[in-house]
Structures are given as structure tokens and as C-alpha cells.
Amino acid sequence: MSNHVHKDYAGAKLGMWLFLFTEVLLFGGMFVLYSAYFHEYPREFHIGGKQLDVVIGTLNTVVLLLSSFSIAAAITYIQQGKKKLALIYTYLTIGAAFIFLVNKTIEWRAKFHHGIWPDSPHLRELSHGENIFFGLYFLMTGLHALHVIIGMVVLSVMVYFLKKDVINQQDFVKLENAGLYWHIVDLIWIFLFPLFYLVL
Amino acid sequence: MSNSTLSFWEETGNGRTGIMGWLTSTDHKRIGLMYLYILLAMFIVGVFLGLAIRLELIAPGRTIMDAQTYNTVFTLHGVIMIFIVVIPSIPAAIGNLVLPIQLGAEDVAFPRLNLFSWYLYVGGTLLALVSLFTGGGTPDTGWTFYVPFSEFTTTNVSVAVIAVFILGFSSILTGLNFITTIHRLRAPDMTWTKIPLFTWSLYATGWIQVLATPVLGITVLLIFAERVLGVGLFDPNKGGDPILYQHLFWIYSHPAVYIMILPAMGVVSDIIPVFARKPIFGYKTIAFSSLMIAFAGSLVWAHHMFTSGMSDTAVLIFSLLTFIVAIPSAIKVFNWTATLYKGSISVEPPLLYALGFIFLFSVGGLTGLILGSAGTDIHVHDTYFVVSHFHYVIFGGTGFGLFAAMHFWLPKYYGRMYDKTLSKVAFYILFVGFNLLYFPLFIIGLQGMPRRYYDYLPQYQDGHIISTVGSWVLALGLAIMFYNLIKGCLKGEKVNGRNPWGAATLEWTTPTPPPLLNFDREPDTSRKPYDFKGVTPDE
Ligand code: HEM
Ligand SMILES: [Cu+2]
């Protein structure tokens, strides 16, 4: 009967923003835990932070910031109707996400190598505060990495949509929303980085 | 009545028919009904578990099950009733049926997301059922999954918490969808002060769903992580703190109480004026108090933890805040009473159930004040007083609100009417059974009977016997009510015309049952939702 498809740009954006709120709150719960335990074990958190690799952390921060730029560029290009460039910059974003994950793996592997993983015998010998610090480190960066993976999947779907012209110069809200999602992944990392790598 | 449009029963809009027509339908009415069917089925399962609890407690010592079984039964009862039945009940089922039409919209803002939420709900429910039969046995932690026990019990908690996570996700997406719908899809001229109060209440609820549920999500994920990885965030032996778990849990679960109760209040606000044939008293106050409840209700979680160890200042503040939430609720009760005052009341079934709501919710709310003041709470904490309190609020409130909504709106969607006399009979049996079941629990709670105990001292037996008898009376009432509703929907007398109750909101201006895109002519938004001048029930 009805072939009419309603397109509501502002509605789609509003929905996405609400969803991003929920993502922030999801991590918010973990940040609450972090602050409570930081309050309880400030010294141990400091010691723990020293053992993380600031170089890799910084590198990953830069990678994510660049990826935020590249997805923004992709959106701008599709708005200008430059499909090819939009595609390239979306690929670049996915590539950055991949580099981030490679770094993360190297970093985690190094920790495992030092006998540090959740509930490891070595951790059990360390102080309570350090155990909690590394516990939070693995859980929070792990949850974040999971979001990076989800982001990669979402962006790959966007590539598909771009190729199929589902996303085009007139109708690009999907890519915009994917971009917003990617910015949130970036933003959360911007908070995680100082909390874990630079603990005072 | 124009017959040019087929009803949503006949027209799927996706080219499929039969069961696939339903399972792939993005029509909000079909989705609402699909929610309703599943959650009512699960409600019946939950009621049987509740009856089993009551039977076990009819006498001290072992009666029909052993202690471990008892633990799993009350855990299941709680998980099913809270996460699978009550939270989605009015918002997801009735809200989906009614909200878009009340706004004059053709559907929700994201119809496909709506269907996806339903699949998440079904998936979560199935997974919860899987947790019963797999792994180390049915969870036995209580629906609150309190640590450290939930970290170490060998029962299948891991699967159950993932189920809860998925159900929570579904709830978030429904809230998000409704908020966007209300902002974006109102008919021209449907200003904020013309939105019916039921939809207003869903707006406030939507915000709680979006803002509180993620915290539950992370909390249950953490339990899962703790069980799988043994990080020890909540385990004192490894430096963790179980109290932090309780904070996180209640930061969601107290606001969740308002996810359960606000929509029911909205239902009552829509029903009362129709059967008093008067505009609702204090429309704006009611709408605004919903938002106030949503806001203030998010700040009071720690009243569940007065006995867990908190600073005296914290106890004082949370106690005070708890009292403040009572104000907007009381405002609503006053407004409903004022609407009824000097109205020309016709006692139809929806009104009866709405009145039942007001009475039972008031009892629950007032006893909530006893729990909210730290001094008295320390005496009754974790006793049957609490069990009674929350059943008055949640079952007496949300449950009766849902029943009221079903009696009010189902004739619209099925085009048939149930037997009104029988539904009144069912109501009175339900009401008597309810009070017999839960009132004695206040008394034995005050006397010190702890909750979640399998066995008890003989001095509490009288109360338990009355309560168990009450549970059968209640079950009888439920059986009659469901029988009558089902029979009415399938074979009842056809509803004549669009507006059997003489209501003034938009859903009553559409054909009965409504067509796929809800309206067969431009919705008339010039009329206020509770302006009954010139509106008469279609006989
Ligand atoms: C025939 C109806 C019902 C009966 C006989 C019943 C009975 C009970 C009893 C005796 C308990 C106490 C278990 C304990 O603390 O050891 C209980 C707990 C509970 N009931 Fe019901 N109930 C019924 C309906 C409902 C409904 C409609 C809801 C919906 C909200 C509900 C939600 C709960 C919850 C959340 C608990 C707490 C479980 C826990 O503390 O872990 N019940 N019920
Ligand atoms: Cu509470």
C-alpha cells in the first residue's frame, strides 16, 4: 500500500545522540569505580601507572585522533559528492582502528609476559591496590577495544553502503552517525589515557 | 465507518502474511501485541513460581521443596517478574500500541529499530530460560545478584546476567525510540500541552530508560567479568569492595522502579477523566510531576543501603531525598481524586482497575516512607515488610495499571468487547486476594520475619497461612480476568464505532481496529486530550 519512506534527518541525529549518551553512561559506571578505588589506593595506582607503556599509549592516542579527523573528512567529501574520497577516508579510519588494535595487542602481550593478567599468580602477590588497578586497566581498555571493534564493523558496513550508493550526497546521515559513534570511541580513549598511563 | 482501509490485522505492509507477517512487521501495533503476548505468558510463569513460594511458606520447615530449590524459585520469580514482565509491560507493550496514535503519527520514529528491540527482548527472555536448564543449575542469588555470593555461586549466574544485559539493551532502544518519536512525529498542532498524559509519562520513562539502564548494563557485565576472569573488583580478598556493587546496582534499580510505575500513572491519568467525564484536574502539574519523579527518583538509590554501612551524613541526605520523591507522586494522587470529585462517574471495568491502582499504590507509597526514613528502615530492612511494600507498589501499581490499560485499550485493537460484569467480578476477587496475600506480610515483617528465608519460627505461621490463602484467591481472580479478556478479544461482541468509552484522545478517532498507518483522515488536533464537550460514547 504505502510506498512512502519517511526520512527524518533531525530524528536520526537525535536518536544517535541519545544512544551515545548511553555509551558514555556505560563507561560512566566504570569511571565511578575508578574514582572510588583511586580514592582508596592512590599510591598503588601511581605505581601501577608507571608500569604501563606511555609510548604505546601516546601512539594510540595520536592514531585515534587522526582517525577522528579522517572520518570527519569522509563525511565532508560525501556531502560534496566526492564518493571516491569519502571511501578512501573511511578506509583510512578503519586502518587506524586496526593499528590501534595491533598496538593494544602488543601492549597486552607485554603485560602477560610480565605475568600480569586478571587473577594471575603474580598479581595476587602484589598489593590489593595494584590488583585493582590492573583489573580496571584490563576491563576498561578491554571494553574500549571492544568498542573499537564494533566501530570497525560499523564503518565496514558504511563502506558497503557507500559503494551501493545508499549513502550519497543527498542522504548521508548514516555515515554521519557512524562518524559520531567513532568520535565517542575516540573521546572515551582521551579519558582513559591520562587515567591509566599518566596517573599522577 | 469507512471501509476503504483494511485494519492492521489484515494489512501487514510488508507483503508477507501469516506468522511471517507478524515476525517481520515493523508496525508498532503488531509489535506491541507481540510484546504483550510474551510478557503475559511469562507473567503466568512468574505467578506459578510465586504460588510455589507461598505454598512452601504455609508451614515452618520443608513443605513442598528443599531449601536450595526455594532459593532458585524466588530468584527466578524475581528475575522474571522484574526484568521480563514488569519493566517492558506498559512501556513496550501498551506504549507501542498507543503512543504513536496519541501523537497523530503513523508509526514510531525508528520502526525497524522497534522490531529489533522486540527481538532483543525475545532473545533475552530465551537466554534467561536457558540459564535454568544449563550450566551448574538455576541461579540462586536473588534478582539483585548481590556480590560476593553471585561471583562464587556455582549456579548459572553468568548466563542469567547476560540475559539481563540483553533485556536492558532492548529497554534502552525502546526508550530512545519513544523519545525521538515524541520530539519528531507529533501531528501538526500537537503541542506539548496537548500530548495525552499517558504519552507524557512514557516520555519521562524514556529518559530514565536511556539514562539509567546503561549503568545496569555495566554492572551485570562486571559480574560476568568477575566470574570469568576473577579480577576481584568486588571481592574484599582481592582489594575489591562489595558496597560499590550495591551502589552501581541501585543507581539503576531504584530509577527502574519508576520505569515500572510512571507509565502506570500515565494510564490512570488517561482513564480517570474519561469515566468521570471531566477534564483532568491539573494537566500540567501531572505532566511536570512525571519529569520531577524521573529526576528526583534518580538521586535516591542509596536508601536501599542504609544498613550496608554509609556515613551518617549520606544516610541523612538519601533519607531526605527519598521523602522529596514522594511529593510528585502525592500530587498525582490528589489530582486524580480532584478529577473524580463531582464527576459524573460511570464505573466501567477500566475505571475499577484504575481505582484499584490508586488504592494499592497509595498503600505501597506510604509504607515506602517508612522504608525511606533511616530510623525505621533499620528495623524493617530485609523483612517481609519490604516484600509487602514492593508488591503493593509494583504489582498493585504496575500490575493493576497494566490490567486497567488492557481493559481500556484492547477493545480498540481487537474490535471486540469482553463481558463487563465478569471483569468486575474478577476485579473484586483480585482485589480481595491481593490484600489477603500481602497485607499480613506487613505485620509479620514488622514482627521480624526476614525475607528470602525458607524456614521460620512458628509465631509467624498465622500470617503466612492467611497470605497463602490470599495467593489462591488472587490466582483465581487472575484466571477469571484473563479468561474473560481472551474470550472477549476472540469472540466478544463487536465494538460499534470508534469510541466505545467516549474518550477524547486521538486513538479513539481512528477506525476500530485501526488501519496499518493508523488514520483514515487527518487527525484532528484542535481538541484538547481531556475536553469531552460534544464527545459521546458510540453505543
Ligand atoms: C501470585 C502472585 C505472587 C505471589 C504469590 C508472590 C509471592 C512472593 C513471595 C512470597 C516473595 C518472597 C520471596 C522471598 O523473599 O523469599 C516474592 C518475592 C518477590 N516477588 Fe512476588 N509474588 C507474586 C507476584 C509478583 C508480581 C506480580 C511481581 C512483579 C513485580 C512480583 C515480584 C517479586 C519480586 C521482585 C520478589 C523479590 C524476590 C527476591 O527478593 O529476590 N511478585 N514474591
Ligand atoms: Cu529505591
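Backbone N, Cα and C define each Cβ position, glycine as well.
Feature list (source: TrEMBL):
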DOMAIN    B:16-526  domain 'Cytochrome oxidase subunit I profile'
TRANSMEM  B:33-53  transmembrane segment
TRANSMEM  B:73-98  transmembrane segment
TRANSMEM  B:118-137  transmembrane segment
TRANSMEM  B:157-179  transmembrane segment
TRANSMEM  B:200-224  transmembrane segment
TRANSMEM  B:244-268  transmembrane segment
TRANSMEM  B:280-302  transmembrane segment
TRANSMEM  B:314-338  transmembrane segment
TRANSMEM  B:350-370  transmembrane segment
TRANSMEM  B:390-410  transmembrane segment
TRANSMEM  B:422-445  transmembrane segment
TRANSMEM  B:465-486  transmembrane segment
REGION    B:512-539  region 'Disordered'
COMPBIAS  B:519-531  compositional bias 'Basic and acidic residues'
Confidence summary for the domain 'Cytochrome oxidase subunit I profile' (B:16-526), mean pLDDT rounded: 94
Maximum Cβ pairs under 8 Å to the transmembrane segment (B:33-53) - stretch from the list B:73-98, B:118-137, B:244-268, B:314-338, B:350-370: B:73-98
Maximum Cβ pairs under 8 Å to the transmembrane segment (B:280-302) - stretch from the list B:157-179, B:200-224, B:244-268, B:350-370, B:465-486: B:244-268
Outside the transmembrane segment (B:350-370), six or more residues from its ends: residues with CB under 8 Å to it: 261, 264, 267-268, 271-272, 274-275, 322-323, 326, 329-330, 333, 336-337, 376-377, 380, 385, 388-397, 400-401, 403-405, 407-408, 424, 427, 430-431, 434, 442, 501
Among B:157-179, B:200-224, B:244-268, B:390-410, stretch most in contact with the transmembrane segment (B:465-486) (C-beta, under 8 angstroms): B:390-410
Stretch among B:157-179, B:200-224, B:244-268 sharing the most Cβ pairs under 8 Å with the transmembrane segment (B:390-410): B:244-268
For the transmembrane segment (B:157-179), distant same-chain residues with Cβ under 8 A (at least six beyond the ends): 79, 83-84, 87-88, 91-92, 95-96, 99, 108-110, 113-114, 116-118, 120-121, 123-125, 127-128, 130-131, 134-135, 139, 141, 145, 150, 202-203, 205-210, 213-214, 216-217, 220-221, 223-224, 227-228, 259
Counts of helix, strand and coil residues, the compositional bias 'Basic and acidic residues' (B:519-531), according to DSSP: 0 helix, 0 strand, 13 coil
